[in-house]
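Novice: Pulled the feature table from TrEMBL, pasting it below:
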type: DOMAIN; residues: 20-255; note: domain 'ABC transporter'
type: DOMAIN; residues: 269-510; note: domain 'ABC transporter'
type: TRANSMEM; residues: 534-552; note: transmembrane segment
type: TRANSMEM; residues: 564-587; note: transmembrane segment
type: TRANSMEM; residues: 618-639; note: transmembrane segment
type: TRANSMEM; residues: 646-665; note: transmembrane segment
type: TRANSMEM; residues: 685-706; note: transmembrane segment
type: TRANSMEM; residues: 737-758; note: transmembrane segment
type: TRANSMEM; residues: 764-785; note: transmembrane segment
type: TRANSMEM; residues: 792-813; note: transmembrane segment
type: TRANSMEM; residues: 819-838; note: transmembrane segment
């Protein structure tokens, strides 16, 4: 078709200054030309709609504008200044703010920390004031979602994450505001609040870029609209009465759609029931009974939070429930997702990134996950058959990808959704449950998805759809059930299924508002007995006391000052080494070289800190030990960061190398240390070693630094999600280097504290600390995936491990029991903390 011609001053933006200019922007990925010579001008005070099919290049273009992606060709100008590609800080400091299609939030940081980190430095509040500042910016959204600023964002529902992302962008006081699919998770009330904010921004002279597949919204809010197709700009058009939804859809897809929705089932009240639900009850719903007839699509509607989503998840085994569910006359087991799947249920979540897409796997692997059984013989999968079936499905579902082996993350959001839809449709499930089927999908692909769902019913499958878009339910579904307060309050069938009726029923029958439920949830979170980060400390404190009581009951020597004089110096060593391990885990790494590094430092000290070393020599000796430790840290960092070797393998290499170095230096134990240094390291206050007091003070100081200093927050951010952290300006590589240096330096300090205990240069004396430090930080509540940890927790974890070793000795058990009890405790703690983490997700679903 011919490019769209700009025919109006409103479209060209005459009279308004250009704030963001893109000139000749091109971008290619392996096998695909994402953008080809795109030029666009975005002007002050105008809302500029940007539309196109999935994979048309909209998000890529805006990622280039925001500095998140580097263009192959072309320029980006902000406020008339041409900037460097690939620098989010440059764009942010010049007034560009973006709301991503999938909120770019750091899951282990709080709402306030996420908001504060993303705003320009000139607008950034102090860390002490960040909660109050965040609360002020979230206040406008209280009618949509009540969000506490001190809650980690991993505990938020999808709609709440979008609210945080939008509020954060508005807090930047932008001159350019980019909104990429901002209403996908928002209900009608949220859309109204958003549109009010957009109009206010435009009135203040902000250039707003609005990207959406919801054509009605684009026409309502935009002044002009540009169309991208296949990576090329097809033109720009003023929005006015002459631009209809159908015309804009035709411009987007390049053809006129014969129908948005497939033909519905001919009304037949006596059709056979394929699924029946009787007396289903659970958290958020009660006494739910309904039937799904063969050949029909059943819709679930209602104001958000009225139980419809919980019912759908209960049928998928994701929510606990009681009642009877029958499929084709046989009762099925939905007590858990595995049992539900085995009973013939396939479920597609509305939270694609957390519960559907398997990142790290290919398009083919994601698509074929539930369709492998027919392609297997005697447990062996036919790779060629799988690839043929996958290629055919990719073509059938219209998935835009360079091939089945492309990473799922490389696809646009809409194409990822097609893969997820394809996965459930390719399964042999008799019951298909779909939560928000067209989320993030362009208008052309929506019609294809609707047709596929209708085709599934023709094949004898039962299809149940939940959608927050009542027009979608009205166009797609044969029957619609409206929920209120966890019960079905209205049923529409046949010609009764119209958008107006569904909307009126949902609004007028809902006696409990979403805001009330959010307030209750917020109060519930605030009434927790202990903050989540403090709970591991309490658990470990109880464990330390319990183990101590056991030891004291068996041997009165346990409580003697002499025993503490033996135990506490070992505690200081363990605490310093464990804090070093905590540094590595904070950024998603691990340092297996800590144990051998302690050995190397002890052996080296037997040479450079030998008896007779004067004050100057001791200073030089300590600097030499520091240099060795930093060198090991740089090697670890280089292997992980520069050579992209996994942290376990990388630090295992240095583990082995350091063991060899220590044995070369001292094949057998020998040498000794400067007596004056040993005396100082053994000094006490009462019966408590000074080294223990220093270790406690340092642990508390580092704990405070994690949340109350810029470096601490950025260190956690780098481990929580490196990609997102880089987008908000964190120097991830620098934070990784800092973490590995911290790990090695604290291992060195632990080795120095170890000198009086070691007595001589021993090449294997530190090896035991590799696994014990990992156990200590895991017991202390650290995440093995990064972003979350505690130095006080590491201290207490080290104390628990020392208590285990002591108790085993006092009970007269063999040393093997130390390893067994430590392993059992670590497994128990990991399971316990993981369960606590998943409770946030569970709460999100049931609210």
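Any Cβ shown, glycine's included, is placed from N, Cα and C.
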Novice: Apart from its near flanks, which chain residues at least 6 from the ends of the transmembrane segment (737-758) lie with a Cβ under 8 angstroms of it?
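Specialist: Answer is 569-570, 572-577, 579-581, 583-584, 586-587, 589, 591, 593-594, 597-599, 601-602, 605, 609, 622, 625-626, 628-630, 632-634, 636-637, 640-641, 673, 677-678, 681-682, 691, 711, 715, 718-719, 765-766, 769.
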Novice: Who are the long-range neighbours of the transmembrane segment (819-838) in its own chain, taking Cβ under 8 Å and residues 6 or more past its ends?
Specialist: 154, 532, 535-536, 539, 543, 772, 775, 778-779, 781, 800-801, 804, 808
Novice: Do the transmembrane segment (764-785) and the transmembrane segment (564-587) come close, with at least three CB pairs under 8 A (pairs 6 or more apart in sequence)?
Specialist: yes
Novice: Between the transmembrane segment (646-665) and the transmembrane segment (685-706), are there three or more C-beta pairs closer than 8 Å, counting only pairs 6 or more apart along the chain?
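Specialist: Answer no: the transmembrane segment (646-665) and the transmembrane segment (685-706) share fewer than 3 Cβ pairs below 8 Å.
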Novice: Counting Cβ pairs under 8 Å that are 6 or more apart in sequence, does the total for the transmembrane segment (534-552) and the transmembrane segment (685-706) reach three or more?
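Specialist: In this chain the transmembrane segment (534-552) does not contact the transmembrane segment (685-706) - fewer than 3 Cβ pairs sit under 8 Å.
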Novice: Give the nonlocal contacts of the transmembrane segment (792-813) in its own chain as ranges (CB under 8 Å, at least six residues past its ends).
Specialist: 536-537, 540-541, 543-544, 547-548, 550-551, 554-555, 557-558, 567, 570-571, 574-575, 577-579, 581-582, 695-696, 699-700, 703, 772-773, 775-782, 821-822, 825
Novice: Give me the mean pLDDT over the domain 'ABC transporter' (269-510), rounded to a whole number.
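Specialist: Computed over the domain 'ABC transporter' (269-510), the mean pLDDT is 88 on the 0 to 100 scale.
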